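One structure coming up, written as structure tokens, with questions to follow.
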């Protein structure tokens, strides 16, 4: 039985490395196969052929990946699109997981403290003046906030800040900053939400209107 | 080209920030272009006393690290037309991100645009203090009529004199307690002035209104009922060269004492 299987479809060729095979043997076989392939293809004046290497339940380390890339780079007729695996390392999974997780923060954030999160944030604590909470996703405020609340850092304009916006000093979503002064303090009430509207500035509305606003935005921005 | 003036004291809690805020607002109301610079990195207060905390987006550390230019970081005080701006300190960074060179270039840039650059100095005589005083053209030394404060002020005056500033440091005696002066338990004003040996710019009575005003995010200087407010008005006007006798800061009933103190000078 062969260690590698070559399959072709309209997107080019896939090289599937058998998960039970010895990798050294499989790599040797891949080498030979490519040499043969190259002999065939250089005879014709053909387009570049795309290859995807699929490793199944095997995860290649960076050296192994580099070796495969180097192998393909020797043959200009053959282009390595990607090295795919069905599995992912725990570290990478954790990173992906963190991006979408929901953080819960209680307790007091004091002047001069800045708390950074990835994902969404449910804020149950108290945010003092001159303090800051910052996350990549949305923020749900159930506690009291006096300082600066940043959602969607650094460029997620779809992030929203929900909940108790009374007494907040500054609202930041992505790159937009809204300063709360005596002129607009009345807009910021408990039970509201702040979002980036279609003019790319921050709007505040009552939570009751959230669904309508969301639909409106979708309609206009597509 | 304007001048930079550092407000310093050595000891904490004597009223540096309050003095900076009041003098700056009066100067602005008299038509001067004033920029307040808070150099108390990590323990900023000037913005809170001025009620401008919510408007701060960028601070002096962002400027020093070239993330923004100075004009982007200036916070305009809407109560004083286009005359009063604040460059806030950072509450998140620590003080070692600034050095004499970066503070110097920022202040020099501000001096091109403003008549007065008022620098609120951190307490102590260490790193932050050195940054603040090294680039100043002049200094206001704030002290209270108490031994600890005067001796710290003495130390500060010594350091300032060694720096040979273009303008000699001037003294402001703050938080004078009327009742203690009246019954003779306070340090005497003229003793303090003689001891420190620098020109006296003004004296300010300790008053509840000073605190209540800064709690409300405004300055006491525009409260016509307030003696302290009037004193700050006089200090600012003396800075502009007006000749206002010192004892005007206290026109109250019972005291012939002020006449005695200042008549002697």
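Using the three backbone atoms N, Cα and C, a Cβ is placed for every residue, glycine included.
Curation plays no part in TrEMBL annotations; they are all automatic predictions.
The domain 'CobQ/CobB/MinD/ParA nucleotide binding' feature in TrEMBL is assigned to B:5-215. Annotation comment: TrEMBL describes B:11, B:12, B:13, B:14, B:15, B:16, B:17, B:18 as ATP binding site.
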Taking the Cβ of residue B:14 (ATP binding site) as centre, how many other Cβ atoms lie within 10 Å?
26
Tell me, how many other CB atoms lie within 10 A of the CB of residue B:12 (ATP binding site), whichever protein chain they belong to?
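Counting Cβ neighbours of residue B:12 (ATP binding site) within 10 Å gives 13.
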When the pLDDT values for the domain 'CobQ/CobB/MinD/ParA nucleotide binding' (B:5-215) are averaged, what is the result?
92
Among the binding-site residues listed here, B:11, B:16, whose Cβ has the fewest other Cβ atoms inside 10 Å?
B:11
Of B:13, B:15, which of the binding-site residues has the most Cβ neighbours inside 10 Å?
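Of the binding-site residues B:13, B:15, the most buried by Cβ count within 10 Å is B:15.
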I want the residues beyond B:11, B:12, B:13, B:14, B:15, B:16, B:17, B:18 whose C-beta is within 8 angstroms of the mean position of the ATP site's C-beta atoms, in chain order.
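After dropping the recorded site residues, what remains is B:9, B:19, B:123, B:142, B:174.
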Residue B:17 (ATP binding site) has how many other Cβ neighbours within 10 Å of its own Cβ?
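The answer is 24 other Cβ atoms.
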Would you mind checking how many other C-beta atoms are within 10 angstroms of the C-beta on residue B:18 (ATP binding site)?
27
